[in-house]
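Participant: Sending over a structure as C-alpha cells; questions will come in a sec.
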C-alpha cells in the first residue's frame, strides 16, 4: 500500500467493492495551512510522466522542472519527480505535461515526494498576488497561528492564536476571499489576526521578496 492509499483509507468513505469517483473526500484547507502542513512547497513545470504498476491502480510519476522552492529545503532541496495515485478515486492528481507551471505541495516518504487531490495544487497563473506573497514570506510567519474553520453560525475564536475562517458559508464560497487574499499572522501583543497589505506587518523580521 502506498502512503497516499493509506491516507485515503482514513479520509475517504469507500469500501473495497466500491471504487467510484466519489471515493476521494477532502476537507477544505486554507492555502496557509496547506503550506505549513506540507513537507515540500514548490513551483514547477511538468515535463514528463510514467505509470508505475504499484497498488490497485498504479502510481503516476511526474517528471518536473523545479522553478522555485518555498518550503522543504532540508527535506529535499531539489525535487525531480512527484508521485501520486494513478486513479482519481484514490485522490490521484492529473497534471498537464509541458503546458503550465504549478504550485505543488506534498509530503516526503522514503525520499520521494507524494501529492494528491487533498493537497493544495494550483496553476501558477491562477494564484492571486496575495497568495504568491504568502508563499514567499507571509504564510511562513503564520505557521504558529491556527486557522479555525467555521461552517455555520455562531462560531468564535477560543484562543489568541486563532483566526476565524468563514469562506465556507460566505457569499464567495470556497475558495473564497480569505483563501485568496489573506494570511493569518501573529501581530503585536501575541494575537493572530487576518492580514492583507502591500507591506509586511513587521519589516524587521521579514525578508520581503516579490513573487
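For all residues, glycine too, the Cβ spot is worked out from N, Cα and C.
Per Swiss-Prot, the features are:
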- 24: Zn(2+) binding site (BINDING)
- 207: N-linked glycosylation site (CARBOHYD)
- 24-27: region 'Involved in metalloproteinase-binding' (REGION)
- 37: site 'Involved in metalloproteinase-binding' (SITE)
Participant: In angstrom units, rounded to an integer, how far apart are the Cα atoms of residue 37 (site 'Involved in metalloproteinase-binding') and residue 24 (Zn(2+) binding site)?
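Facilitator: About 20 Å separates the two Cα atoms.
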Participant: Helix, strand, coil residue numbers for the region 'Involved in metalloproteinase-binding' (24-27) per DSSP?
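Facilitator: Final tally across the stretch: 0 helix, 0 strand, 4 coil.
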Participant: Between the recorded positions 24, 37, where is the Cβ count within 10 Å the lowest?
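Facilitator: Sparsest of the recorded positions 24, 37 by Cβ contacts within 10 Å: 37.
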Participant: Within the region 'Involved in metalloproteinase-binding' (24-27), what mean pLDDT does the predicted structure show?
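Facilitator: Overall, the region 'Involved in metalloproteinase-binding' (24-27) comes to a mean pLDDT of 88.
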